[in-house]
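Beneath this line is the structure, given in structure tokens, with notes to follow.
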Number of protein chains: 2
Amino acid sequence: MSKIDTDHIKLDKLASNNALYIIKIGGNVIDNSENLYHFLKDFEALEGNKILVHGGGKVATQMAEDLGIESKMVDGRRITDIETLRVVTMVYGGLINKNIVAQLQRFGNNAIGLTGADGNFIKAVKRPVKTIDYGYVGDIVKESINPQNIGKLLDAGFTPVFCAITHDGDGQLLNTNADTIASALAVSLSALYETTLIYCFEKKGVLKDINDEESLISEIDPERYEQLKEEKIIHSGMLPKLDNAFTAISCGVKAVIIGKSDELGQLKDKKPFGTRLTNNA
Amino acid sequence: MSKIDTDHIKLDKLASNNALYIIKIGGNVIDNSENLYHFLKDFEALEGNKILVHGGGKVATQMAEDLGIESKMVDGRRITDIETLRVVTMVYGGLINKNIVAQLQRFGNNAIGLTGADGNFIKAVKRPVKTIDYGYVGDIVKESINPQNIGKLLDAGFTPVFCAITHDGDGQLLNTNADTIASALAVSLSALYETTLIYCFEKKGVLKDINDEESLISEIDPERYEQLKEEKIIHSGMLPKLDNAFTAISCGVKAVIIGKSDELGQLKDKKPFGTRLTNNA
């Protein structure tokens, strides 16, 4: 084999060791055991370093109801009183997280289930009360995420599976938005890894026409994003998601993909998957 | 500094790096937040590598009751139907485990909360049905515990906190006795570490007179154990605990200590703590 060939192999290996996918899944995957099974199989098959981030809101809402605890929502956000925090800790950190880990192990993936308290990986502050008291909800302290610390787990061959819980470093667990955890991890780990952040949701990606799954926009860069906003093609609910995605990219994340969970397998097969947001599409 | 002095320092460091305490706590610590706080503070202060193992039976029983799920016990053992397994996964793996981790982080200990499914650390088989169907209860597959694998976490500076759940490697979580998890970990990790296994319970240790806390037997070796059994000094409930302890010792564990959780601090201060079981007391 020539030196150029071996150099190529080395570079390929380096690139593959250095690639990191951070994938966030939500209710449409978690609430349906068949969807979850297929998603986790596709997740396992994806090469490179991987981190999974999950919420689990509907299961928590149901569990709270079974326990006679009223779920209070303001603008789609859960008010987390102390009873609700107990439920969230049980459901996210126990029931959902450990079942995902057991499933991934079944597929040969050496998953390890975590909250932000574990390994002191993600610290947050209890959200200050302005007009609304959200209770035990955490706003992530971005500087608290130490990429070397999480890198130790990746280097040892583990796949971290984070649920939507952090801690304040003073013994208090905090309910924390899973989208935000995923993007904060992606930004921090970009210092060490070529990081792609993937948000799985119920649509194929960003659609020109929300009622037409075939109208997928395959790539968006900041310039195109401005155009799409001007043309009012991008749906209002997508704006915060995309704003956050472009912020992550401007902070070092290589790309953000928004796609449908049951199509994740296409990424492994190098086929088009979702809408790819980059700095230079 | 002379070479002998520096050699001494090196050896001391080696010994301290190589020492491992595996400590199991039960209901009397977990069910009382003040006891738990003091125990975790003492645990944190203990030097060397540490692993914590916990159950949480009473909290699970209460949670099952709150959810209208009947707890079925046979000879003090929980029958774990699928509903009970959900409760146990939530309570052990989520509520108790993650709160312990958050408390340890508060004290500066870099804890990481685990089930046996995480990192594929502990596998078990669903207990075969003989006369009683225990349901989703796991009997540990001792060979499945890879000390190098757990050692990676210890070497990276993490303190593993195991709850009483394992998995079968095929996606199924299993409720597993915490005492057995602690001794299986201790035996396996003895291959790499000078391991002391500590069972914390409500008494000061093995007592000559169960009603007299001052009648503590400070050390027992196999010979003395035989005598104590012959003299019927050892209480029948202690026999399985002590039999298991001596089995662990014969499999390489340096010592097993049975003591009171709120006296753990004495170990750090090199003061007498509990009953110490060894091969040569």
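Backbone N, Cα and C define each Cβ position, glycine as well.
Site annotation (TrEMBL): substrate is bound by A:Gly56, A:Gly57, A:Arg78, and the candidate from A:Asn120, A:Asn146, A:Asn149, A:Asn175 recorded at this site is A:Asn175.
Within the same chain, residues at least 6 positions away in sequence whose Cβ sits under 8 Å from that of A:Gly57 (substrate binding site) are A:Gly26, A:Gly27, A:Arg78. Per Cα geometry, A:Lys24 is the residue among the recorded positions A:Lys24, A:Gly56, A:Asn175 nearest to A:Lys241 (site 'Transition state stabilizer'). Checking the recorded positions A:Lys24, A:Gly56, A:Gly57, A:Arg78, A:Asn175, A:Lys241 against chain B with a Cβ-Cβ cut-off under 8 Å leaves no residue at all. Looking at A:Lys24 (site 'Transition state stabilizer') and A:Gly56 (substrate binding site), their Cα atoms lie 11 Å from each other. Taking every pair among A:Gly56, A:Gly57, A:Arg78, A:Asn175, the residues listed as contacting substrate, the largest Cα to Cα separation comes to 12 Å. Secondary structure at A:Gly57 (substrate binding site), as computed by DSSP, is helix.
Under the DSSP three-state reduction, A:Asn175 (substrate binding site) is assigned to strand.
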